[in-house]
Amino acid sequence: LPTAMTAAACVGIAWYLCAELNIRLLIRATRRSLYFWSCLLCSWAIIIHLIFILLLDFKIYEAYLGFVFIHLTWYIYVVSQSVVLYSRLNLVLKQKVIGNYVLYMIITTAILFGLTTVVLGLVASHPSMAAKLGTPNMIWDKVQLAVFFIQETIIGLLYIRETASHLKNLTFLGGKRKTTRRVLHHLIYVNIFIICLDCSLIGLCYAGFFFLQGFYKAAIYAIKLRTEFTILNQLRSTL
């Protein structure tokens, strides 16, 4: 019962945050940028991902297509989350070449670890292969989780480093120094908070709570997306 209640809370949090973000995104967005589409993709992928997890867990819909949707939506929201961070990184980066390296990193992990996870997961989910690939799939799941954690931590640390350096630059702060300082400090706090959330996800996964992992991961990504949406928009309007 406690596990089911925790899962239900995660679903409620994720759906609420994604629905609210969609409303704000569609109302406020003045142009359809990379940031807009990555936010939209990430939020809808989380919503659909949780729908199919619930359908499978409660044996309402047990067709193989359900596993296909779960893995594809996972891929979309995990990759697009990193793209959201990348799309606003140019606001604080001094060296634009670093932004290119971040993009190459996102593309590489999306192909090598994201697509591999989808393919292996779909094959392992097939009834004829579950016994053979069940354990390797669980091991690989922990590997890819660690890789995406490292990737998002690197991007988060880049935000923290660049923001900290800008706080010392009076020219960068401009005329609205007090407001800009406040937003930059909040950006640092948000990235530290997000890294802590990712650490909790790693801990849950490696502790073996497989049933909760899917629900908790979606909720964590929804919280991260909503938090980043607020602070990155503030950053863009301030600078």
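Each Cβ is built from the backbone N, Cα and C atoms, and glycine gets one as well.
Automatic prediction, not curation, is the source of TrEMBL annotations.
The domain 'DUF7703' annotation in TrEMBL covers 4-237. Summarising the annotation, TrEMBL assigns transmembrane segment to 6-27, 34-56, 68-89, 101-123, 143-160, 187-212.
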If we skip the immediate neighbours and take only residues 6+ beyond the ends of the transmembrane segment (143-160), which ones have a Cβ under 8 Å from one of its Cβ atoms? 78, 81-82, 85-86, 89, 92-93, 98, 102, 105-106, 109, 113-114, 116-117, 187-188, 191-192, 194-195, 198-199, 201-202, 205
Arithmetic mean of per-residue pLDDT over the domain 'DUF7703' (4-237): 90
